[in-house]
Amino acid sequence: MSKTMSINAGSSSLKWKLYDMPQETVLASGIVERIGLADSIFTIDYYNGKRYEVTLAIAEHETAVRLLLEQLIQLSIISEFSEITGVGHRVAAGGESFSDSVVITPAVLEEIQRLAELAPLHNPANAMGIRAFKNILPEITSVAVFDTSFHQTMDKTRYLYSIPMEYYKEHNVRKYGYHGTSHKYVSERAAVLLKKPLEKLKLISCHLGNGASVCAIEGGKSVDTSMGFTPLAGLTMGTRSGDIDVSILPYLMEKESISDINEMIWILNNQSGLKGISSVSSDMRDLHALEDSDEQAALALRIFEDRVKKYIGAYAALMDGVDAIIFTAGIGENDIQTRKNIVDGLSYLNAELSDERNDCRGVERVISSNQSAVQILLIPTDEEVMIARDVERLR
Ligand code: AMP
């Protein structure tokens, strides 16, 4: 029996889950938030609803990891550090270097840092988490699981942009896609739920959270996805614009007297999407609450649904059909109305929801009607367990 940690490190946070493997039992989970500030919040959830929470100054990730491990002993969740035999780290960008998860060596860590040019907000933070654990638990298996690697099966026809070829050859400019671990997890669960071999299925996975992407999965392999070179592309998201005509950028920079392109990109990442359209919130719950009284809030919801429908249509066309459409992540798992509004627009696929089955949140189930030609599935995602599984596989 081995205990494995699944880690998602952000620039000021560290989210974690501790598993007993191979049973995949969650022993504890938690988050350290506001790292670097005087009032960092440190939480551990364990044993049937118990919670340990404390606010204190945590200067850096390594201190957070040390505190976390010591507290796991204090709470008798582990008896010594050596019980933890593996740790898996979520890493945003693996570029073309990593088409699968890997054991982290000094060369791998160096490459993750080099790939920060593809994910400047995420990879450096992920690397910080990796170094923190390496310094404290140098002997245990340490594995990197990339958001991009599932999409490395895409064909050139899908991942190349229609720009001069030397930009790909010299600078690796191409579509990488993200959320790969989630799309992979839900596709595997879909095969179980449908009792069909994954190799025989055409699936469209809609990961609809604050960040959102759609993925076309044929025979268990990603064949196209809506995010691009960075996670800015594709669907309308909480605060990200999704697809946009890039000519808008210089036009707006002139009109708004913005001299720095990075400011424009920041606006597209942080002030756009649902938040930008509605002018009030990036959160679907807020928008639904305002839907009847606020035109912009309603418009944001309609645009969100519209973009999801558009990608579903595009991917059904690319795969020449679809067996099942999957909804996952915060919105996909919980937003009953949005799921209904999306599927109501798919009658040309003879896809139909069962209102009764759709009336639920966060449970794995078929939500289409018995007459529906396409199965509609609600599958709560679990990226953490995928990370823990990869640690076990590579240990
Ligand atoms: P995620 O990034 O996967 O955590 O998803 C976050 C998003 O899920 C939030 O921005 C909310 O808009 C959405 N969400 C969570 N719970 C609900 C709910 N009960 N109804 C509608 N949307 C929800």
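Even glycines carry a Cβ here, placed using N, Cα and C.
Per TrEMBL, Mg(2+) binding site is recorded for Asn8, Glu383. According to DSSP, Glu383 (Mg(2+) binding site) sits within a helical segment.
Residues or ranges marked as ATP binding site by TrEMBL: Lys15, His207, Leu208, Gly209, Asn210, Gly211, Asp283, Met284, Arg285, Gly330, Ile331, Gly332, Glu333, Asn334. Under the DSSP three-state reduction, Asn210 (ATP binding site) is assigned to coil, being neither helix nor strand. Within the same chain, the residues at least 6 positions away from Asn210 (ATP binding site) whose Cβ sits under 8 Å from its Cβ are Met237, Gly238, Thr239, Ser282, Gly330, listed in sequence order.
Under a cutoff of 8 A between CB atoms, and with a sequence separation of 6+ in the same chain, the neighbours of Arg90 (substrate binding site) are Ser6, Ile7, Asn8, Ala9, Asn126, Val145, Asp147, Thr181, Glu383, Ile387. What TrEMBL records for Arg90 is substrate binding site.
Counting every protein chain shown, 27 other Cβ atoms lie within 10 Å of the Cβ of Asp147 (active site, proton donor/acceptor). According to TrEMBL, the active site, proton donor/acceptor annotation covers Asp147.
Note on the binding-site residues Lys15, Arg285: the fewest other CB atoms within 10 A surround the CB of Arg285. Proximity to ligand 1 (Cβ under 6 Å from any of its atoms) holds for none of the recorded positions Asn8, Arg90, Asp147, Leu208, Glu333, Glu383.
All protein chains shown were included, and the count of other CB atoms within 10 Å of the CB of Ile331 (ATP binding site) stands at 24. Minimal Cβ crowding within 10 Å, among the binding-site residues Asp283, Glu333, Glu383, is found at Asp283.
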